[in-house]
Amino acid sequence: MEYFIQQLANGLTLGSIYGLVAIGYTMVYGIIGMINFAHGDIFMLGGFAALIVFLILTTFFAGIPVALALLLMLIIAMLMTGLWNWTIERIAYRPLRGSFRLAPLITAIGMSIVLSNFIQVTQGPRNKPIPPLVTDVYHIGNITISLKQILIVVITSILLFAFWYIVNKTPLGRAQRATEQDRKMAALLGVDVDRTISITFIMGAALAAVAGTMYLMYYGVASFNDGFIPGVKAFTAAVLGGIGSLPGAVLGGLLIGLIESLWSAYFSIAYKDVATFAILAIVLIFKPTGILGRPEVEKV
Amino acid sequence: MANGYQNVQEDVMAKAVKEGAVAGIIAFLMFLVFVGIETYQDINNQLVWRTRWGLLGVFVIVAAVGRFVTVGFIKPHLDKRKLAKAKTGILEVSEEKSFFHKHFLKIALVFLLCYPFLAMMIFGRQGSLKYVDNFGIQILIYVMLAWGLNIVVGLAGLLDLGYVAFYAVGAYSYALLSANFGFSFWLLLPMAGILAGFWGIILGFPVLRLRGDYLAIVTLAFGEIIRLVLINWTDVTRGTFGISGIAKASFFGIWSFDVGAANNFNKAWGLPSSSVYYKIFLFYVILALCMLTAYVTIRLRRMPIGRAWEALREDEIACRSLGINTVATKLTAFATGAMFGGFAGSFFAARQGFVSPESFVFLESAIILAIVVLGGMGSLTGIAIAAVVMVGGTELLREMEFLKHIFGPDFTPELYRMLLFGLAMVIVMLFKPRGFVGTREPTAFLRTRKAVSGSFTKEGHG
């Protein structure tokens with residue numbers, strides 16, 4: 001039982017990270033109907049920005065409090081990836097809006113290749129380890145929970161609440177939902193569609209940067225090809241939850257995290273990704289639009 | 001009038017300067033962290049950093065000047081040309097096609113048939129090895145894969161992101177069956193195709209109800225599952241070490257290409273011993289396989305099943321209303337596409353002599369899909385051109401030794417291969433969203449066959 005709870009805690013931590021990345025996928029998909037393949041690499045970029053900020057901080061301000069360092073890392077990583085995603089949207093996706101469906105998908109895959117290879121070329125192909133940031137652990141019975149796990153879950157919850165608030169209660173969120181439902185009609189009613197889409201990309205990137213920073217904090221290592229596997233899993237999470245649905249993305253992320261840690265704990269660690277993908281396929285066979293997805297209504 | 005024109009020009013210049021400056025600032029902020037600072041491990045394996053302001057400056061200047069030139073000169077020039085064209089009222093469509101254009105396919109085929117011998121004549125026996133193998137065979141493998149995927153994506157409109165799975169099935173069926181049972185290439189080639197086609201049906205079944213992007217993610221997931229199983233099922237596949245020493249293909253069992261064999265091809269024909277003859281043989285094998293793929297695709301498009309595929313791509317509901325069995329249609333598309341992937345896979349294993357899961361990553365699927373879309377979905381010629389440009393172009397980068405003299409001896413062009421590949425994907429898509437060949441030859445027509453614009457064909461919903 002204790003072992004089970006331990007694995008549950010690990011799964012929730014991992015699931016929070018996937019959930020944050022999945023929101024970026026699902027938002028972009030909801031608003032312009034495109035799989036943003038470069039989103040996983042934006043997540044990787046966020047991790048790298050945090051890593052570099054961390055290195056600079058530890059050189060110039062050796063005794064900086066960990067909380068402040070973490071906050072600075074998060075903020076700079078969010079700004080950085082926001083700017084990158086904004087630029088990518090302007091250059092690679094906006095000119096192709098209204099073109100046929102596969103065109104932005106191909107530029108997104110192209111951008112994903114560009115981003116990971118850009119980091120490989122500029123920062124080198126080796127893994128980049130950093131010393132552990134947060135080392136405190138708590139023992140409850142035989143269960144060990146580390147402070148970083150708590151931090152990850154707490155930060156994720158705060159961000160999710162903030163995000164839910166923005167989407168549901170602010171004029172910006174209303175513009176986003178309007179654009180999602182009917183872009184042309186929203187434009188006619190005075191919503192600045194281009195600006196709304198840009199902001200959506202920036203928001204998604206900022207969440208991915210938070211996830212990237214926490215991934216770096218959790219594993220203590222960054223690499224140029226870190227974007228692919230977590231990216232695919234986050235996308236899987238978004239689809240599992242029902243793509244286009246925000247609660248679905250979080251739910252999907254948590255499910256994927258739990259499946260992964262429980263499968264590694266009870267069955268085999270080598271086949272954890274196989275289990276994740278197999279469960280995705282099985283769920284989609286019985287519910288073709290994901291767990292919380294709205295069924296598509298076809299009008300002829 | 002003249003004054004007004006000058007004002008416009010000044011406005012354009014002012015705008016260009018402003019936009020250039022903005023681009024420079026944005027580039028500065030974007031690259032500040034990733035280019036301006038370099039992280040590396042020192043002697044104690046500790047992560048440290050140093051600054052690279054010079055390189056950052058280059059990035060910023062390139063972005064600023066690039067934007068300035070685009071806004072100030074290129075865009076007004078393009079606008080002017082468009083305006084001039086609109087004024088004359090003459091469309092730039094000439095009915096007369098040039099000789100080269102009209103006979104493009106025949107010329108290309110003749111060139112391909114002569115290619116290995118031309119390479120041998122120009123570069124000598126050893127020198128031509130690179131051109132036959134790295135360029136010829138490599139590009140033709142991608143042409144075949146892209147033509148195979150074209151059946152699924154271009155004709156049936158089903159978005160498949162895991163095509164490399166079938167390539168892997170073909171390669172491993174050849175590698176395992178030839179290593180364990182000693183079957184020959186010519187027996188295993190069709191068998192690998194059949195096995196891959198069978199897998200296409202197995203994977204196709206569960207995804208029949210899915211549409212669009214759900215289909216895309218499930219095919220991607222299947223591709224990853226196959227790769228992960230290949231890595232982890234070490235008893236059979238030897239995991240990441242891969243399988244080496246795979247038997248070579250023989251000349252239809254008459255002559256062998258193994259050096260020690262009694263019926264060695266080179267000895268039988270009195271040729272000097274060189275691996276180039278094997279490569280030339282392989283070149284013709286893959287060329288024949290490509291031609292087979294093209295022939296089957298062209299013939300199938302005129303058969304009821306091919307028409308059903310295209311109807312499915314255009315409108316699935318109309319398709320169902322007309323009584324087309326969509327389940328069978330989708331499954332045959334999956335199976336046929338997978339079968340060609342399997343052929344290509346077994347050929348790949350025979351050519352390489354070594355297979356490992358490293359060769360079957362998602363990136364390969366992405367490259368194949370990119371070739372299909374960049375070529376213009378459904379157009380065989382366009383796809384072949386895209387494969388030559390994209391694969392040949394990146395292979396060419398390996399050969400750019402002279403760049404070392406410009407950028408110094410540390411410069412390795414290979415490092416930039418995938419970076420440039422990705423950039424090329426983005427740029428081609430931005431300028432030609434419909435691919436290199438934007439027109440389609442309809443299969444069904446009234447009296448005369450007229451080419452239609454690619455924008456009239458749909459891409460399907462999965």
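Residue 1 is the first one shown; counting continues down the chain.
Including glycine, each Cβ sits where the backbone N, Cα and C put it.
Listed features, source TrEMBL:
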TRANSMEM  A:12-36  transmembrane segment
TRANSMEM  A:42-61  transmembrane segment
TRANSMEM  A:68-88  transmembrane segment
TRANSMEM  A:100-119  transmembrane segment
TRANSMEM  A:150-167  transmembrane segment
TRANSMEM  A:197-222  transmembrane segment
TRANSMEM  A:234-259  transmembrane segment
TRANSMEM  A:265-286  transmembrane segment
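Only sequence-distant pairs (6 or more apart) were considered; of these, fewer than three Cβ pairs between the transmembrane segment (A:100-119) and the transmembrane segment (A:265-286) are under 8 A, so the stretches are not in contact. The list of residues near the transmembrane segment (A:68-88) in space but at least 6 beyond its ends in sequence, with Cβ under 8 angstroms from a Cβ of it, reads 38, 42, 45-47, 49-50, 53-54, 57-58, 111, 133-134, 198, 201-206, 208-210, 212-213, 217. Most Cβ pairs under 8 A with the transmembrane segment (A:12-36) among the ranges A:42-61, A:150-167, A:197-222, A:234-259, A:265-286 are made by A:234-259. Taking every recorded stretch in A:42-61, A:234-259, A:265-286 and counting its Cβ pairs under 8 Å to the transmembrane segment (A:197-222), the highest total belongs to A:42-61.
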